[in-house]
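Now, the feature entries from TrEMBL:
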DOMAIN    A:64-267  domain 'ABC transmembrane type-1'
TRANSMEM  A:20-40  transmembrane segment
TRANSMEM  A:60-87  transmembrane segment
TRANSMEM  A:99-120  transmembrane segment
TRANSMEM  A:140-160  transmembrane segment
TRANSMEM  A:246-266  transmembrane segment
Amino acid sequence: MAQTPRSIATTESRPVRWALTTLALLFIALFLLLPLVSVFTEALRKGFGLYFEALKEPDAWSAIKLTLIAALIAVPLNLSFGLAAAWAIAKFDFKGKSILITLIDLPFSVSPVVAGLIYMLMFGTQGWIGPWLNDHDIKIVFAIPGIVLATVFVTVPFVARELIPLMEAQGSEEEQAALSLGASGWQTFYRVTLPNIKWGLLYGVILANARAMGEFGAVSVVSGHIRGQTNTIPLHVEILYNEYNFVGAFACASILALLALVTLGVKSWVEWRTEQLAARDRANAVDG
Amino acid sequence: MSIEIRNIAKRFGNFTALDHINLEVKTGELLALLGPSGCGKTTLLRIIAGLEAPDDGQILFHGEDTTEKHVRERNVGFVFQHYALFRHMTVFENVAFGLRVRPKETRPSDAEIKRKVHELLNLVQLDWLADRYPAQLSGGQRQRIALARALAVEPKVLLLDEPFGALDTKVRKELRRWLRRLHDEMHITSVFVTHDQEEALEVADRVVVMNKGKIEQLGSPSDVYDKPATPFVYQFLGDVNLFQSRVHEGWAHVGDARFAAPQGQTDQAVVYVRPHEIDVSREGGAGALSGVISHVRLLGATVRLEVDVAGQDAVEVELTRERYLQGDWKVAETVYLLPREARVYVPSAAEWTDGGGI
């Protein structure tokens with residue numbers, strides 16, 4: 001963070017500071033903390049036994065597995081795409097660069113439901129290539145491939161968005177130096193570029209993973225909600241809740257909430273670690 | 001190893017960075033590319049290195065065409081203005097990089113790498129910093145490490161892009177002397193880019209003065225300073241006063257003063273006089289310009305007088321502190337200026353001449 005000393009010009013009087021801080025804390029407690037706590041209390045309302053029973057139930061277990069599969073495919077795809085896109089955008093100048101940047105942001109700006117509908121329009125039975133897929137007995141929508149596709153779509157921006165500013169700030173002089181010293185393209189990437197962006201990359205992957213596991217809208221459209229087959233955790237939570245199975249719904253929801261907590265924990269650790277490295281550099285830097 | 005630059009041209013959109021440059025860098029010399037920013041000097045250096053591709057022309061290393069060769073095959077050492085050290089590697093690993101990335105057959109053993117790196121770190125007198133990270137070093141130290149890293153691959157050519165540009169005055173003076181000594185020991189063909197005329201004149205064997213993508217003059221430091229080929233070189237190397245004048249019967253007239261002028265089609269001429277080549281006196285004489293002192297600036301060892309001369313821009317006169325104290329010059333005093341040396345430029349004439357004093 002910035003090392004600028006605090007100036008009296010930007011410091012408010014004590015009552016104002018107290019009031020603002022209290023307001024912010026109250027808001028956080030009411031809208032963030034309370035719901036989180038309620039997820040766990042609801043899930044454990046009838047004891048640990050029923051809680052684990054709800055998770056072991058075959059449909060719930062299959063939803064957990066499907067969520068993991070979707071994330072396991074979407075996150076590495078996103079990682080390689082994000083890396084390639086950020087590399088291209090930050091280190092080279094080419095025509096259509098701004099279009100590519102805008103396209104990467106598309107999943108952020110479009111509603112996930114619309115994204116799901118696009119896949120229905122393409123691969124659904126009434127869709128453009130739906131009949132052809134049907135003839136060849138290939139199932140995309142209402143099956144795992146559709147869910148994976150939708151998940152990949154909504155997670156596209158995360159890694160690229162994280163890396164582009166970082167790589168642009170670092171420039172390409174270190175890479176040029178590596179090449180002039182005789183390194184190959186791969187050696188330059190592996191030994192110079194990657195170590196410089198590894199924390200940003202990890203941060204992007206964490207965020208992409210959280211989104212991949214928690215995605216509801218896009219997946220909901222293409223899944224078809226077939227119990228035990230095409231339900232991810234968020235979809236399964238909705239079904240259970242609609243069936244008044246509150247313990248089951250909150251038990252599954254608690255897994256997502258736990259994931260969120262773990263994600264936040266890892267994210268804070270990454271941030272802390274990056275800050276530590278920066279602080280070490282600053283502390284040891286000698287001017288002149 | 002000699003470098004031949006043949007007819008090199010480069011454009012960036014509508015901007016002509018290099019306009020068909022021809023130049024030869026001799027084996028073992030230290031050549032400076034000197035010019036204002038935007039003159040194309042860095043682009044030329046990057047084209048020699050292979051970091052940039054020319055639109056037209058050829059680069060020959062030792063007579064062999066290398067225009068199409070990739071930077072990694074050219075065996076050049078490149079030193080960047082902002083060092084470009086690998087920030088996540090220690091100083092030792094930075095210097096070792098060029099050796100470690102070699103293919104297995106030619107890669108030295110770990111012991112050999114270690115010996116070599118320490119030898120280079122000793123050469124740049126920074127062996128004690130081997131375990132530090134670049135962020136922990138001062139600017140001058142970083143640039144010396146960058147140089148050691150470039151030398152580790154035993155380059156045939158050393159290219160330096162404004163190597164001392166980001167350093168403060170005292171450090172850059174030290175470092176440029178150190179670079180000159182290093183070059184005298186190693187005799188590696190070197191080209192360095194600078195916008196600092198003092199640096200170019202002090203360090204280089206030969207200086208190339210560039211402007212707007214063209215070479216204005218190529219010569220030894222004393223050549224370019226004492227015998228500037230064009231008005232641009234004259235103005236770029238040091239301060240200069242300009243007098244607008246008219247040519248009449250072979251003489252350029254400025255007030256009562258006159259200077260021998262070359263033959264041209266127009267009677268317009270510009271007379272250039274360096275501030276330290278003007279004498280000041282209280283008595284007028286033949287060919288003296290009268291004016292009024294408007295400012296006196298004390299600049300340490302020298303003193304500058306600004307003199308308003310009728311019909312001309314303010315004239316700067318540089319005196320030693322001693323002579324200033326002897327003369328005891330005051331603001332608003334009327335004085336007479338006698339140029340000891342002058343050069344006359346007639347735009348339409350092929351050559352420009354030494355106008356002599358008075």
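Please read every residue number as a count from 1 along the shown chain.
Cβ atoms are placed via backbone N, Cα and C, with glycine included.
Keep in mind it's a predicted model, so treat the numbers as computed, not measured.
If you count C-beta pairs under 8 angstroms between the transmembrane segment (A:99-120) and each of A:20-40, A:60-87, A:140-160, A:246-266, the highest count goes to A:140-160.
The stretch in A:20-40, A:140-160, A:246-266 that contributes the largest number of Cβ pairs under 8 Å to the transmembrane segment (A:60-87) is A:140-160. Within its own chain, the transmembrane segment (A:20-40) is flanked in space by residues 12, 250, 253-254, 257, which lie at least six positions past its ends and keep a Cβ under 8 Å from the stretch.
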